[in-house]
Amino acid sequence: MVHGSVTFRDVAIDFSQEEWECLQPDQRTLYRDVMLENYSHLISLGSSISKPDVITLLEQEKEPWMVVRKETSRRYPDLELKYGPEKVSPENDTSEVNLPKQVIKQISTTLGIEAFYFRNDSEYRQFEGLQGYQEGNINQKMISYEKLPTHTPHASLICNTHKPYECKECGKYFSRSANLIQHQSIHTGEKPFECKECGKAFRLHIQFTRHQKFHTGEKPFECNECGKAFSLLTLLNRHKNIHTGEKLFECKECGKSFNRSSNLVQHQSIHSGVKPYECKECGKGFNRGAHLIQHQKIHSNEKPFVCKECGMAFRYHYQLIEHCQIHTGEKPFECKECGKAFTLLTKLVRHQKIHTGEKPFECRECGKAFSLLNQLNRHKNIHTGEKPFECKECGKSFNRSSNLVQHQSIHAGIKPYECKECGKGFNRGAHLIQHQKIHSNEKPFVCRECEMAFRYHCQLIEHSRIHTGDKPFECQDCGKAFNRGSSLVQHQSIHTGEKPYECKECGKAFRLYLQLSQHQKTHTGEKPFECKECGKFFRRGSNLNQHRSIHTGKKPFECKECGKAFRLHMHLIRHQKLHTGEKPFECKECGKAFRLHMQLIRHQKLHTGEKPFECKECGKVFSLPTQLNRHKNIHTGEKAS
């Protein structure tokens with residue numbers, strides 16, 4: 001057997017706390033990946049070494065500078081265990097030990113020749129031959145990193161010392177050619193490690209190994225607290241923080257704490273506004289390279305992760321996992337405040353901010369604060385009007401790619417999520433979950449002013465603005481203000497006249513998809529929502545809720561001018577226009593003005609003569625559905641109350 005002299009210390013790199021702080025987040029990630037992979041190579045090739053402290057810390061995603069070195073007379077206990085103490089002596093300046101050539105080959109493949117320090121040119125040529133698997137009896141002798149002089153490649157890793165390997169693309173310097181080669185694959189796009197299951201390729205072997213566990217389903221790391229299993233030790237360690245609540249790293253800007261320093265570094269870029277990673281397709285900037293890679297999949301439309309239940313495809317594995325929980329109903333993350341459960345930890349974290357009221361992200365334009373950064377980014381589009389994602393079917397633009405994807409399913413007609421209660425289909429799992437609350441009648445969010453309850457927190461926020469009078473969304477065309485951004489968007493289509501949603505039955509067009517859906521029920525006669533008090537059916541859940549207040553007699557909305565009370569807020573708004581005399585909707589044909597938009601629409605049919613609603617009994621046509629319903633009473637003999 002051909003042997004060479006390599007120890008774990010030969011391929012290990014140590015950092016002080018000061019040196020570690022000099023590294024960028026992607027450099028720290030690369031360091032973790034390479035160190036863990038090299039250690040796994042040594043173990044897989046038969047090296048019986050005890051686990052070094054630095055490996056334990058890296059597996060726990062802690063900082064490697066936290067290693068406490070203990071000076072002992074036995075400097076290499078792991079190598080003595082494998083090869084005997086007589087071959088590894090503290091008095092031996094070379095700190096030599098013979099290792100199989102396969103070990104040296106594996107290490108050199110990962111780290112490059114610069115990982116080792118040779119005492120003369122002859123030894124370098126011998127090592128070069130060993131790298132190429134040349135046959136022969138080569139006794140390689142290499143000096144441990146702990147014996148290296150300060151001019152060696154190991155010393156050059158410290159952030160303020162020499163880094164001889166420069167990337168010609170971006171000018172970044174590296175201490176070893178192997179690190180430069182790995183870095184260059186970012187620019188070249190080279191991904192030599194390909195998954196045979198789904199064809200996905202990776203730059204690093206350790207990334208490939210992690211990915212394969214998604215297909216095999218292997219989850220060897222189990223949480224002792226709750227029994228949940230994970231494919232990677234790092235995932236288990238992150239999960240443990242849920243139980244311990246430990247967050248050591250605090251942001252000095254806003255006081256937010258994190259359980260990992262890398263998360264703190266990422267968070268700090270939000271305050272600094274630094275976004276060094278730019279998409280060449282659309283110019284969008286990101287503060288992390290990983291976010292850029294995720295974003296680029298939007299342009300390539302790559303979706304390698306497919307659901308075995310319904311065939312739906314996703315860009316990212318976590319999206320597939322989240323989607324699968326819709327089929328299984330699994331919700332492992334529960335809120336201790338209200339007992340609500342969630343499919344993802346991120347959703348639980350978002351939900352918990354409802355109870356704490358924390359809103360650290362503030363809009364510089366209008367001062368509005370948000371609990372999540374992505375909510376702030378969405379809000380900013382109201383001020384900028386930016387909508388980079390356009391539908392090729394109808395030309396409609398969106399400010400988020402996810403909104404475009406949702407919209408495209410309208411044209412495709414795909415509705416893979418079906419309600420088991422009533423059979424209604426949805427194009428998104430989130431919409432199905434929202435719909436199911438109609439059947440369960442769950443309403444956990446209660447208004448403190450009037451005790452009105454809501455299914456969703458966003459509904460409570462919108463409702464609260466009725467009491468406060470807050471209307472932050474203003475139309476730039478007519479100055480009208482709204483308490484919801486979606487209401488402003490709906491209103492703006494009045495000025496543009498855009499009606500992209502057309503009924504295939506009668507050709508009638510609508511501004512909103514919701515209006516088209518409601519209209520289509522006129523043709524089908526579908527009324528899935530039944531009142532348990534009187535048995536009356538309704539096309540929409542909101543109509544049923546309005547109807548229920550007839551039985552309860554509750555009228556929470558009172559006019560401050562005259563004291564008249566109403567069951568619905570929209571009825572109060574209509575009534576208030578009697579006092580103000582406001583009539584913003586004017587007919588272009590004759591100049592007549594109306595208080596309500598629906599009054600204008602009715603009036604315009606006098607000019608057009610349009611009568612799309614026909615009685616199936618006698619063939620008589622009407623301009624409004626209410627007129628048709630009144631007419632039907634003639635045939636049925638029913639007297640309207």
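Positions of Cβ are set from backbone N, Cα and C atoms, glycine also.
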- Could you check which of 16-38, 62-84, 361-383 is flagged in Swiss-Prot as zinc finger? 361-383
- Under the DSSP assignment, what numbers of helix, strand and coil residues are found in the zinc finger (333-355)? 11 helix, 4 strand, 8 coil
- Per Cβ pairs under 8 Å, the stretch of 249-271, 417-439, 585-607 packing most closely against the zinc finger (557-579): 585-607
- Note on the structure: Counted with DSSP (H/G/I as helix, E/B as strand, rest coil), the zinc finger (417-439) has 11 helix, 4 strand, 8 coil
- Helix, strand and coil counts within the zinc finger (389-411) (DSSP): 11 helix, 4 strand, 8 coil
